[in-house]
Amino acid sequence: MGFTEKQEALVNSSWELFKQNPGNSVLFYTIILEKAPAAKGMFSFLKDTAGVQDSPKLQSHAEKVFGMVRDSAVQLRATGGVVLGDATLGAIHIQKGVVDPHFVVVKEALLKTIKEVSGDKWSEELSTAWEVAYDALAAAIKKAMG
């Protein structure tokens, strides 16, 4: 069974909610560092800070991550697969030392953030839609990593 119109709509609506509050980006990175403190050095905008400090770069990167997952949902619905819009993503992830467990941490942080953002609109169906879209994006990035 492919990615459904309803799943795409669920991802789109919660993506819009995510973008409305800059604090959601801070929450996302706070969850990542709670799960994997050593990952701090992988993000240029966190390396030299105490904790997670809000910044334009942090906002931009979080929006890029969530936006790419949202784009994956759109692609899954349209074509059944995900093609990376940025061919350098594989190389960047290799350069930063990203390995499989990091994808799991980011996925958990993404799902927790979406749950928080969605409030009473959260459901297992919503979580599954984000999970499927993230997994497809992660697979495309891993493929680009070789």
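Including glycine, each Cβ sits where the backbone N, Cα and C put it.
For reference, Swiss-Prot has these:
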BINDING   Ser44, Lys64, His93, Lys96  heme b binding site
BINDING   His61  O2 binding site
DOMAIN    2-146  domain 'Globin'
MOD_RES   Tyr29  nitrated tyrosine
MOD_RES   Ser44  phosphoserine
MOD_RES   Tyr134  nitrated tyrosine
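When the binding-site residues His61, Lys64, His93, Lys96 are compared by the number of other CB atoms within 10 angstroms of each CB, Lys64 has the fewest. In the three-state DSSP classification, Tyr29 (nitrated tyrosine) falls within a helix. With respect to Tyr29 (nitrated tyrosine), the closest of these binding-site residues in Cα terms is His61, chosen from Ser44, His61, Lys64, His93, Lys96.
Take the mean position of the Cβ atoms of Ser44, Lys64, His93, Lys96, the recorded heme b site; other residues of that chain with a Cβ within 8 Å of it are Met42, Phe43, His61, Ile92, Val98.
If you take the C-beta of Ser44 (heme b binding site) and look for same-chain residues 6 or more apart in sequence within under 8 angstroms, you find Lys57. Around Tyr134 (nitrated tyrosine), the same-chain residues at least 6 positions away in sequence with a Cβ under 8 Å from its Cβ are Val69, Ser72, Val106, Lys107, Leu110, Leu111. Residues of the domain 'Globin' (2-146) grouped by DSSP class, helix first, strand second and coil last, total 110 helix, 0 strand, 35 coil. Note: the Cα of the residue listed as 'O2 binding site' and the Cα of His93 (heme b binding site) are spaced 14 Å from each other. A sphere of 10 angstroms centred on the C-beta of Tyr29 (nitrated tyrosine) encloses 24 other C-beta atoms.
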